[in-house]
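Record features (TrEMBL):
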- Ser122: active site, phosphoserine intermediate (ACT_SITE)
- Asp78, His185, Ser187: Mg(2+) binding site (BINDING)
- Asp78, Asp354, His358, Asp395, His396, His472: Zn(2+) 2 binding site (BINDING)
- Glu349: Zn(2+) 1 binding site (BINDING)
- 1-20: signal peptide (SIGNAL)
Amino acid sequence: MGSQILLYVLIALLIDTIRAADHLKYGSPRKYTTNNTSPEHTTEYWNEKAQDILKQKLVQVQSPITNNAKNIIMFLGDGMSVHTVTATRNFMGDSATQVSFEKFPYFGLSKTYCVDSQVADSACSATAYLGGVKGNYGTIGVNANVPRFDCMAGLNVGNWVESIAQWAQNAGMDTGLVTTARVTHASPAGVYAHTAQRGWENDAEILKSDCSPKVNVDIARQLVEWPVGRKLKVIMGGGRSNFRNVTVNDEDGIAGQRYDGRDLIEYWIQDKRSQNVKANYVWNRKGLNSLNLNNTDYLLGLFSSSHCPFHGDLKRNNISTLVPSLSEMTESALKVLSKKNNGFFLFVEGARIDMAHHETKARKSLEDTEEFAKAVDLTRKMFSEEDTLIIVTSDHSHTMTISGYPYRDEDITGLAADQADDDLPYTILSYANGPGFDNTYDKKGRKRITPEETIDPNFQYLATVPLASETHGGDDVGVFASGPFAHYFSGTYEQSNIPAIIAKAANIGAFKSAAGHIK
């Protein structure tokens, strides 16, 4: 008996010795604190949670909203992959958390490929989810008969694709767009533009492609001169430089990029005066907040020379008093568009989610996703589900993944619980490619990453393949829907099906019931 006890003691000492050696080798990871009083430790908690979900689903199936949608609000989280949404839950506090739009009753997946590319960009995808037609990579508002950079093919009106905004305008609805990118960038341009090259945001860019800016009208001009753009009641985002000549500085002292001498902001102002409508141009948050939105018919807000800042940088860089957040712009747009009783279509893009991913700055991407979700939440609370359809989706994914078996209470922007086989730590979030490669490897092999580094919002997360800019991913993206005909967004379908379902819900465009296409 005594020898058995001695044996057990020796085994216990051996185990402790092995654990101590492991801790010396790998470091002591933060342990998940077990809370035995937590309801999650009981079977009843999970059973009751499942019962609640079943009850909700039963109500949704039995009582789908099938009256026409008076208002349509489309939220586009640029580059907001399923992984991004999942990571944002933890970033907001816990994996069990739901971002606002995950509470929507219906969810589906859209297939994002272009006609000529397995992995989409924001141009061909915008043509799909706004126009219902898939085109070629880098082209906007045109079908696949238009190759990218083709100076002449994009001029053929027969190749142009009408957007859901045009359908809404034809039905007498007001329309608008909000973005944290340049308002001439690929995603918002899908609302109103037709072009063979997404980069033709001003005339100088057309010249660089050896095309004629007199024949090919740049995207900024299309926004203020062509019918769909001219009728937009709200335009808010960044991109002042594309509207002014190189000889003219904007309100922040930054020179424009145009070569043709045009001041398209002044053109917009004069055009609205000629229509005798109440129009306002603002360039900072103070100007936006000072407006009487009840007395504003048209609103142009350009809050940066290029893209608007990352959301987290508004506070970090002490510029939150200068540039409005996405949720602030969205709320202002909704107040302008909802004054009349004819209904409206609003496109809202959280563009910087994507741009942070391209830089492999995962923390900044999650900050912008959280702000994007805030904008969705305030919008859903402003309007009734009975007459307002809200769709939340993405144009494409990114290569960021979540790995490493982190403990439940670990910060997802930090390091994995254990070290790798090379005795070095690694981040929970990582990318398949991108500039984060320089933080991953040097000539000796993999670099050592410290927890302090990952706290820096500009830290570039680990990447396997060296690229100056991380690429998009080709996987399907989520579609979250709430309101009339939201149940149609369940399942997996082509990204180009989205505007058809929207048109059915609002009874507008080529897919309305009266046309006989959808019964």
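Even glycines carry a Cβ here, placed using N, Cα and C.
Unlike curated records, TrEMBL annotations are generated automatically.
Everything TrEMBL records as a feature, shown here on the structure.
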{"residue": "Asp78", "record": "Mg(2+) binding site", "contacts (Cβ under 8 Å, 6+ apart)": "Ser122, Ala181, Ser187, Glu349, Gly350, Ala351, Arg352, Ile353, Asp354, Met355, Ser394, Asp395"}
{"residue": "His185", "record": "Mg(2+) binding site", "contacts (Cβ under 8 Å, 6+ apart)": "Ser122, Thr179, Glu201, Gly237, Gly239, His307, Ala351"}
{"residue": "His358", "record": "Zn(2+) 2 binding site", "contacts (Cβ under 8 Å, 6+ apart)": "Gly79, His398, Gly434, Ser469, Glu470"}
{"residue": "His396", "record": "Zn(2+) 2 binding site", "contacts (Cβ under 8 Å, 6+ apart)": "Gly79, Ser81, Thr112, Val119, Ala120, Asp121, Ser122, Ser125, His472, Gly473, Gly474, Val477"}
Problem set entry | Env. residues of Mg(2+) site, Cβ within 8 Å of mean position of Asp78, His185, Ser187 Cβ | Leu76, Ser122, Ala126, Thr179, Ala181, Ala186, Pro188, Glu349, Ala351, Asp354, Asp395
Seminar exercise, completed: So Asp354 (Zn(2+) 2 binding site), by the Cβ count within 10 Å over all chains shown, scores 30
Problem set entry | Count of other CB atoms lying within 10 Å of the CB belonging to Asp395 (Zn(2+) 2 binding site) | 29
Exercise. Given the recorded positions Ser122, Ser187, Glu349, His472, which one is most crowded in terms of C-beta atoms within 10 angstroms?
Worked result: Glu349
